[in-house]
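Participant: Swiss-Prot feature annotations, pasted as is:
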COILED    89-159  coiled coil
COMPBIAS  89-125  compositional bias 'Basic and acidic residues'
COMPBIAS  140-180  compositional bias 'Basic and acidic residues'
COMPBIAS  188-205  compositional bias 'Low complexity'
DOMAIN    1-42  domain 'UBA'
DOMAIN    214-291  domain 'UBX'
REGION    42-215  region 'Disordered'
Amino acid sequence: MADCTTLDSLLEMGFGRNRAEKAVAHTGNQGIERAMDWLMEHENDPDIDEPYVPPAGNTLGPAEEQSQSPTEIPESIEDTEEGNARQPMTEEERKEQVKRLEDLMKARQEERRERERQEGIEREKQRRKQGQELLQVRQKLQEDEMKKLADQRRKEKMEDRLAKQRVKDKIARDREERAQKFGGGSSSTGLSSPPAEAPALSPPENQGAPPAKKDYDDCRIQVRLLDGTTLSTVFKAQEPLAAVRVYVQMNGANGQDFNLITPYPRRVYTDLDMEKPLRELGLVPSAVLVVTKK
């Protein structure tokens, strides 16, 4: 009888009765190999060791009636090759069958372990591939960010150079305009000088003439830097204060932003003051400016 032989074989191999009965029932009594496959596939089921409860109207054998027990033999599955009844196996035959089934089970387990090993290798390959792709994405983002920062710095440096160049160009234009203005007016000053000597007979009035001599064309500026060192140079009296600022930027500011002040009387020069001539700011003929942090 096929079902009893399968169940007995599983029990002899050491499987629990509940597991063996479930394997026989769920495989439809289709042989020991199918039952063993089912046991290996479901060995981790939480209810694998619970008693088997057949569904309503069914028992362990698919062709059995409810009145039959799992050990009863249905007439429809009698062994036609051996006659009307299956001869019981001898002890030696039973041991050989158990050994064969154990070898089969070991082979199936080895196949499953190999399959799981291959699946593990594939999962590890996929994990490494995903890790490499993620690393490449991060590197690309970092490279893009560094490139963006470098472009921004180049842009800022270019804008700074252009701003300094505009100031230099303006200073050059102002110098040229002053040169043309004062160069053309020198003759008229020479022509008007003789009448200025006419009131020489009245000494009290001549004493008011010296203020006219204070109309200096040059201005000496001394600048005290943040580190205590000083810069000193000469500017035209009509040059704007921006010329002094550019001079400091090019010779001692070290790229820092700063203010220009006069210590006494104390005055902090603003951006509007940068366009005013040194004469108008009272820095002629000489002055001391101090650099302070902005």
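Along the chain as shown, the residues are counted starting at 1.
Cβ coordinates are placed from backbone N, Cα and C, and glycine is handled just like the others.
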Participant: Mean pLDDT across the coiled coil (89-159), rounded to an integer, is what?
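Facilitator: The answer is 87, the mean pLDDT of the model over that range.
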Participant: Work out, from DSSP, the number of helix, strand and coil residues along the compositional bias 'Basic and acidic residues' (89-125).
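Facilitator: For that range the per-state counts are 35 helix, 0 strand, 2 coil.
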